[in-house]
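Here's the structure we're looking at; comments come further down.
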Amino acid sequence: MLLSKQICKKLLLSAAVCFLSFSDGVPVSAQQVHIIPKPAEMQVKDGFFRVNKSTVVVLPDKLPSSELLHDMMDHAVAGSKGGTLKIARHDVKKNAIRFVLDKTNPDKATESYSLEVDGKGVTITSGSDKGLFYGAQTLLQLMSKDGIAFASIKDEPRFPYRGYHLDVSRNFFPKEFILKMLDWMAFYKLNTFHWHLTDGAGWRIEIDAYPKLTSDAAFRPIADWKTWWDGDRKFVPEGTPGAYGGYYTKKEVREVVAYAASKHITVIPEIEMPGHSEEVFVAYPELSCSGIPYKNSDFCIGNDSTFTFVEQVLTEVMELFPSRLIHIGGDEASKKAWGECPKCQQRMKNEGLSDLDELQSYMIRRVEKFLNSKGRRLVGWDEIIEGGLAPEATVMSWRGVEGGIKAAKDGHDVIMTPGNYMYFDFYQADPKTQPAAIGGFTPVKQVYSYNPMPAELNETEGKHILGVQANTWTEYMPNADHVEYMVFPRLLALAEVAWTTQELRTWADFKPRMNSHVNLLKKGGVNAFTLSDDIEITMAVDTLNRQIKVMFDAEKYPAEIRYTTDGSMPTTASAIYKDTILVKDSAWIKAAIFRNGVMQGTPSEKKVDYHKGINRPIHYNSKLYKGYMAGGMNALLDGYRGGLTYLDGRWQGYLNDLDCVVDMGEKADLHKVSVRFMQLTGPGVFQPGEVSLLTSEDGVNFTLQQTIKTVVPKEESNLAFQEYTFQGNWKGRFVRLQASEVNNGFIFADEIVIW
């Protein structure tokens, strides 16, 4: 474990150096103590405890983390060489950093701790080794060039499950990177690493009983995942010159699990079934319905050999991973082959299963029974609910929160991980400024805004919410640097969501602490995203005063924001944002951060209109897609423009054409009508082929006024917007817009503006 120790010491040193640099010699106040996650109770006082060559570290006898805790303190204050702070096993009252195991605490697994810093030294108290470890992480963040700030802290986590997930199938990452991620997880008090080890893009764990899983299904001829996935998806044998891929040996897995345990992190392995298993059938095609490699993605549930394979693989996995939970995937099975497979149909007949969902549930239940017999519990993505949930299963709710709510109401444990908040493979800033990603939009503020406890649950049901997890799927992350760029600093927001109670969390309070920690991460060797220069422009429609309130926010802190309202570029002569801007009619807002007289990045912009159509009745001749209703039936006339993602609650989605009629209430003079659509081809969002404007006086007979065709090529894969603006002089009571869907995908509109 020498390499792991070196990584650990490098982290501890860099973390300490970074925190020492926070104050830059300026006396530290409560506002300048930048602890993440925020403690439950904290009082920072005047004064500092200064470590010197006589300071000792007092450690309880037989404490598992003794060596690690000493190293943390020693390297934090003495640099890379260490060797300055001595260990004492007897109590020392002065000039000491004391770790005290509270033997009166009956909860030996507690994660709570208290921390006191005064003129005599530091005292961290907990009923467990784990609590002392978390107290040490907080202590590092109290350090400055002045010393260790006097403070009184009492702390405990909100949730027992605080997780991070990494997919190593689409792209493979070496053991050393996994260890580095574990270091930073521990530093931010995350306690569960979900290791996604198998998927259609490669099998990544050594299994003795089935050696071809790694020899035949862990390497591909092309490094770039998308090129390979869009091509023939063929694997090549291990040892092929120039092949890309890899897997973890059992020795490496044991090292990762042991290293994680030393940091109080549980590693949960994921072995995908019944879907996402294309790679298995390259090595063992007889486990698929067709028996042919590269044809099916789901295990053949009618084949008894499937269960022999699954049980043997899980047996070897459980020998490596002591975690109570074992993840079996369960998501996105196509189920198509089952409907045509004689063996699967016979299984359904024999077991009295009425549909393919129940067939999947049969497999999940059978696997759960096997895991339970070994003293383990099954966890899976929320699709395992379909067809009936296995009795003791834990659900990871990723397709929104509904699956988690249902499972909790039915008495099942739940881990909340909804994509709209907790997917770190989504864009974190304007896609035009970022490397390619899968789509979506989860900036750090959105991650931070998430409350894992659904309001729909009562107190008893809420106890089934174990916690929260963020997921990194690595289709577009070819190397470790790219993963770090996508994960940090969003992981910091996750950590505070998981640890700190809802009432103690505010974005305004988190933002300056996050900015300080970005510096820490960079100095600590992490390729963190250094936060966006974009301005978040938000609106509040005030129908009483017939105006729109416009507010700005930025991730960077502090930020000098200058803006214009006429569409011109902001300059150093433009107004500085200080308070809410009021728009009575129309404005074209452009805003940017300025630093030392220089604009940072590209101005953010938004058109704002308190127009004639706001809150007018609207009738849809076409069907709205239930999953993308935005603000409801009146979303296209509520005054709110959408942002950079169709998931922000402002974009209304349609799987077919859009055809809607706005009732102006009386015959009106009309001069300008506009509507905006977006395109993001990755998730299947396209511009309409064309948009037409029609008007009518009676709502029955309509006159076509204009048609505008899209100028965005359907091949354009980057995020693209087009505003379809109709100008003229018309009279009518009814305004009709028709947008044609031509690419067999979704179309999304945000606001119909009528003048």
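Cβ atoms here come from the backbone N, Cα and C positions, even for glycine.
Remember, predicted model here, so these are calculated numbers, not experimental data.
Summarising the annotation, TrEMBL assigns signal peptide to 1-30.
In the domain 'Beta-hexosaminidase bacterial type N-terminal' (34-155), the DSSP tally of helix, strand and coil residues is 27 helix, 44 strand, 51 coil. Taken from TrEMBL, the feature domain 'Beta-hexosaminidase bacterial type N-terminal' covers 34-155.
Annotation source TrEMBL lists domain 'Glycoside hydrolase family 20 catalytic' at 159-501.
Sequence annotations record features per position, and here TrEMBL assigns active site, proton donor to Glu332. Listed in sequence order, Gly275, His276, Trp381, Glu383 are the same-chain residues at least 6 apart in sequence whose CB falls under 8 Å from the CB of Glu332 (active site, proton donor).
Feature annotation from TrEMBL assigns domain 'GH29D-like beta-sandwich' to 543-599. Looking just at the domain 'GH29D-like beta-sandwich' (543-599), the mean pLDDT is 98.
Secondary structure from DSSP puts Glu332 (active site, proton donor) in coil. Applying DSSP to the domain 'GH29D-like beta-sandwich' (543-599) sorts its residues as follows: 0 helix, 31 strand, 26 coil.
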